[in-house]
Amino acid sequence: LSSQKKFDEIKKANQAAAKKLVEDQFSSSSEDDDEDAEVKQGEILAKTFIIYTSQTDGDASELERTRQYMNEAFQSGAMTCLICIASVKRNQAVWSCCGCFCIFHLVCIQKWAKDSLFLVSSLTDDDFGKKDYPWPCPKCRFEYKRSETPSRYYCYCGKVENPTLDPWLVPHSCGQICEREFKPSCGHKCLLLCHPGPCPPCPKMVTITCHCKKAKPVPRRCSAKEWSCRLPCGRTLLCGQHTCEDSCHAGHCQPCPQVSKQRCICGRQTAERLCASPQWQCDQVCGKPLPCGNHTCEQVCHAGPCGDCPRSGKRSCPCEKSKFTLPCTEDVPTCGDSCDKVLECGIHKCSQRCHRGPCEICRQEVEKQCRCGKHTKRMPCHKPYLCETKCTKIRDCQKHQCRRKCCSGNCPPCDQVCGRTLGCRNHKCPSGCHRGSCNPCPETVDVKCNCGKTVIKVPCGRERTIKSPKCKQLCSRPPTCHHSTQEKHYCHFGRCPPCRQSCQKTLMCGHLCPVPCHDEALVKQTGLHQSAGPWEQPSEPAFIQTALPCPPCEVPVPVECLGQHEVS
């Protein structure tokens, strides 16, 4: 009895769902609901923009980008978390990136930041968890510090924690004035109510002069306050001889384009050069006599005095153990002691006597250990020792072995392609083999209405679950009944709603049929299935579309009685 009762309850629920689906398909009440929702959305947007538009005399042309973000916040399924590829609902805690303004679930971005920090920290075992590595936004890769990992749910402007759900406000908004600083900063703050997306340009009016300060100050919009009077700049250039001939411009003047004759640093040669680069060197050696009187200066074209003779004073022998005071005309002799300079190996010293020129390579035989530390061999000190043993350590992807010969243990990152199927189920991960979950699919897909004129872009993988966009174009399908045109209704998927126009077919009596069109009436079919017995559950009635005949004419006409005595 309990199972039969449960079966009856499920059956009734399925029947109710099927009935509701049929009613929704053949009714136009959904269009009225959509219109009401759009009117409500328009009122909320106007309320959000009213302070801004009051400063711009009603001009809302600069609000298009912000309006797009707000429309996505209202549209069902348009806001998608790129981490879990699921819709962002009104009652869910979210976080917004300050670089690309993309919205994510709070729990998703917390897990993303934690996984990113763990992955970067685990690349090297020595500094794991010690350094303050940044973590990136999944979409724009804007980097945040570890301390900037979101832990609480705030509204868009950051004033209110856990903003309450208000049907007359933008989702996840607190309803207060934004008051975020404009970028680039101008000293004013945003005048919109708390909103998603970037703040619009500053609408304030300021009185400001041009770049060159020659024109009179004029009132201009703060977001476009930089302007040029188009007159010649006239500022003195760095050369000190000419003035800037460019039209009024921002920033520093360009280098002087004039050409003049200028001497090199030593003053021996003269050449025509740009005024912007007066300092230049010729390729001649100085050649002036040094104070010793025996040598000349070997520097190339230089300024200032040549200095003392580099061979004067006390000079060291090649091994730098002995010093000699000799005339600059004599070379320093070798001292005869051992060289004792440290060789390139960094362990042994040169055993030759004091000598000129570089020391030889280290030829001492030592017991060397290979890089991986598994083998030893006696060989010359200057030769490296690498064994043939391949590293079996798992790389950072935790899937593949290193396989390098004689690896030191600090294995490089895995160089294979990940290739796992992404969450969209359409593409594979193009990144290098990695640990943890893959990045979201970067592709976007167009979702179109039935006529193809209204298109929205959604993340790849969401096209199968998102609702088709609402199209304001009228349905262009031909009528399926006898009328030449069908009732006006918006573009849609599935069958058109039943025609509600008057039939207007000519009856046998000559009058027109006044009832609604009945060319495609739903008629219940009975007697198609014979039950096998009383134990069999009755099947659901089947409906077919068929054309019904016109009902009898109900127009009253004068009729005489059989004896022609009265007319009724």
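Glycine too: its Cβ is placed from the backbone N, Cα and C atoms.
Marked as domain 'NF-X1-type' by TrEMBL: 186-204, 239-258, 292-311, 345-364, 372-393, 397-416, 424-443, 481-501.
Tertiary proximity for the domain 'NF-X1-type' (424-443) is limited to same-chain residues at least six positions away from its ends with a CB under 8 Å from its CB atoms, namely 82-83, 85, 115, 118-119, 122, 138-139, 395-400, 413-418, 459-462. Long-range contacts of the domain 'NF-X1-type' (372-393) within the same chain, counting only residues at least 6 positions beyond its ends with a Cβ under 8 Å from a Cβ of the stretch, are 344-345, 347-348, 361-366, 401-409, 411. Taken as a whole, the domain 'NF-X1-type' (481-501) shows an average pLDDT of 88 in this prediction.
Remote same-chain residues near the domain 'NF-X1-type' (186-204) are listed as 47-49, 51-52, 55-56, 62-63, 65-66, 68-70, 72-73, 96, 101, 103, 155-157, 159-160, 169-170, 172-180, 221-225 (criterion: CB distance under 8 Å, separation of at least six residues from the stretch ends). The residues of the domain 'NF-X1-type' (424-443), classed with DSSP into helix (H, G, I), strand (E, B) and coil, number 0 helix, 2 strand, 18 coil.
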